[in-house]
Structures are given as C-alpha cells and as structure tokens.
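> Once you've had a glance at the structure underneath, I'll fire off some questions.
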Amino acid sequence: MSSDQDQRMGARHSLHRQPASENQTISTPIAFNDTSVLVLGGGNFGTCLADHLAAMGNEVTIYARDQKVVDGINNDHHNVKYMKDVVLTDTLKATSQLEDGAAIQAATVIIFSIPTQHLRDILAKTKPFVTKSHLTIFVNKGIEIHSGKLPCDIVEEVWGKEIGECATYLSGPSFAMEVVKRQPTCVSVASRVKERALRAQAVFHAPHFRVYDCDDVIGVEVAGALKNVIALAAGACAGLGFQQNARAAIITRGLAEIMRVGVKLGADPLTFSGLAGVGDLFLTAQSEKSRNYTVGFRLGRGEKLDYVLETLGSVAEGVETTKAAYELCHKIGVESPVCDAVYSVLFGGVDVKEAVKTLMSRDPHAEFHGLDLGASKK
C-alpha cells in the first residue's frame, strides 16, 4: 500500500470514528467495509478481537493451528476450544494455512495474538510476505526468556527496522469475555509512527471499545509484561487469606517496580498512570477472571505449580515472564523485590509464606527509592 493509499485509508477510517447517533446502542459498532483483517492466534483474546472487527463489517480471518478450532468457527460459528458458549459473528472465517502466504498477502491488517515465547518463530514465517504497507498490530504481552527482549525489540530484530518501527502495540484492561459481550472497554495503542497508531485506533474504535493512541511503545510493552508478574503475587496473597490491605500494597509497590524498569529502559513515566499501566495492572491483579491471578491464588492455597498449569486450561504468560523479568531486572540493575519474591516461589522452591516474610522484612526506605526519572527519554 502506497503513502497515498495510507492517507485514503485514514480518511475512510475517520468516517468510522464519527459519534454514534441517538438511536445507536453501546452494543452496535459503527461498521466500515474496507479492511481485510488476519488475526494470528485463535485463543481467547485473538478470538474476541476477530469477532469485534467482524461485527464492525470487516472481512476477518483467524489463523489457528488446531483444525478443530478452524472447523468450528467456519461451520458452527463457535471456537470449540476457547469461548465455547459464544456465538461468533457469522461472517468470521478461519484457516489453518499460513505457510503459502496467501492469507497474509490478502490482508491489509495483521493482528498478532501469539504468546511472546512463540513470537519469534511466527515472525520468521511471516517475514517473506509482510510488507510496510501492512498495518501490523501486536496484542501479546511478555518478555522473551532467552533474550530478555520485549515484543517490539523482537519485531525489529526479525523484520528489520523499516517494517518493525511501523508496528503498533495494543494493551490495556480488556478481558476477552467482556470484549466479546460488547461491554465498555478502553485500551491504548502505541507506535513509534504516529500515523500507524492512529490507523490502528481507527480500526478498533467503536462505541463500546474506546482506543487511545500514544507513542510510548516501551512503556506500554513493559507495563503489559510485568503486570502479569504482579498479578501472580496479588493472587498468592489472596490465596494465603490476606485481605485488601495486602493486595493494595502488592499492587502499589508492584506499580513502582514496573515504573522503575520502564523508566530505566527509556519509557515515559506518565504511561504507567494510564490504561496500559495502572489500568491493566488493576484489572489483572484484582480479578478471579485473570489467569495469572488464578495461578498465584492456587499457589497461595498450597497447590504445586506443575499441577496448576496442567489444569489451568489456558496460558498464563506471567509464569514465563517472571523468569525473563527476573533476569532483565538484575541485568539492568533495577531493584525488583516483588519480582524476586515471585521468582523464588516459582523457580526457587521457596514457600509462599516464606517469600512474603522476606518481602516484608526488607529494610525501610523512601517510597520512590530507585526511580530515576532522569533515565527516561521523554
């Protein structure tokens, strides 16, 4: 797609963002029909976003490896593995074919809803077919274990800077089941290229799904990854029987920890007070709907990690992220007591109660100790 085409798409998308009429309800998106979307990943979040965009009048295809998922979406409008009780938009299609590149070449928008630990592989497979004209939107959260890199770094490394810097990253408090039910949701989308962030905003924006643009890719990525680690800690506190004081303390001190890491890497401190920061952290670390909170809660109740993960039924990226975050924090010299405590429980064999005791027995210091605002690039 040329720059002229980019401008025309932006103009068409602006029609989509007109205010809803008096007769429209919050569950009725404003449709437009000029976008062909490919969603890579048939899990909860990929499915809910695909359904959201299909309901807005877009041509949407989900790529999933599981043929049963593909057949269920195509034949019965159900994802038989995730969201089994949800009837999906009848125009939504699915495919298990990606290697020939046809699905990618037919799309104008590609959404990556792939676990971070598998992102590099899927980027390599798509590299021969992805061009700068594609609007690429990444919704995964985490840190790659073996490299300590964020998704945005992996994208530029595999695809190259010219295409990678145009990528966009969507994050914020958005449980998939609430999105698919058209319940009010607000998220952020970040890109290093303003025009791309605005295009991604226009693609998703609807009366029930507000999207705010920003340019702080690092901040959005760090917040999205580390909030899952803090959610594990918050869940563990609840599992031990601690009530609201302890949970508030974990969330607040966890946010300070996230800020320290983000600012050290060059993020804007304000990002962490927004939807991708405190918004997503509050959602993930407060709700039984959160997979990471649930893992922590069950660990706090005394269950073993292997059994919890085996019976969870879906991916809790916070477990793998904890390992990568622990190594990253020590590498860049950022104090991370909550992350250290979670790591000690998950991978060091430390009892949850002992980890809490160690965390609470630390020497006192200033509340914003270790937060170097001079490190931010903003």
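Glycine is treated like the rest: Cβ placed from N, Cα and C.
Predicted automatically and left uncurated, TrEMBL annotations should be read as such.
Taken from TrEMBL, the feature active site, proton acceptor covers LYS227. According to TrEMBL, the NAD(+) binding site annotation covers GLY41, GLY42, GLY43, ASN44, PHE45, GLY46, ALA176, ARG291. Here TrEMBL flags LYS141, ARG291, ASN292 as substrate binding site. Look at TrEMBL and you will find 216-357 tagged as domain 'Glycerol-3-phosphate dehydrogenase NAD-dependent C-terminal'. Feature annotation from TrEMBL assigns region 'Disordered' to 1-27.
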> Considering every residue in the domain 'Glycerol-3-phosphate dehydrogenase NAD-dependent C-terminal' (216-357), what is the mean pLDDT value?
95
> Taking the centroid of the Cβ atoms of LYS141, ARG291, ASN292 as the substrate site, which other residues of that chain lie with their Cβ within 8 Å of it, listed in sequence order?
ASN228, ALA231, THR284, SER290, VAL315, ALA316, GLU317, GLY318
> Max Cα-Cα distance in Å among GLY41, GLY42, GLY43, ASN44, PHE45, GLY46, ALA176, ARG291, the residues listed as binding NAD(+)?
18
> Which value in Å gives the longest Cα to Cα span across the substrate site residues LYS141, ARG291, ASN292 as recorded?
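Result: 13 Å between the two most distant Cα atoms.
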> What Cα-Cα separation, expressed in whole Å, is found between the residue listed as 'active site, proton acceptor' and GLY41 (NAD(+) binding site)?
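The Cα atom of the residue listed as 'active site, proton acceptor' is 22 Å away from the Cα atom of GLY41 (NAD(+) binding site).
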> Select one residue from GLY41, GLY42, PHE45, ALA176, LYS227: among these recorded positions, choose the one with the most other Cβ atoms within 10 Å of its Cβ.
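Neighbour-count leader: LYS227.
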> Return the single residue from the binding-site residues list (ASN44, ASN292) that has the minimum number of other CB atoms within 10 Å.
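Comparing Cβ neighbour counts within 10 Å for the binding-site residues ASN44, ASN292 gives ASN44.
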> How many neighbouring Cβ atoms, not counting its own, are there within 10 Å of the Cβ of ARG291 (NAD(+) binding site)?
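Taking every protein chain into account, the count is 21.
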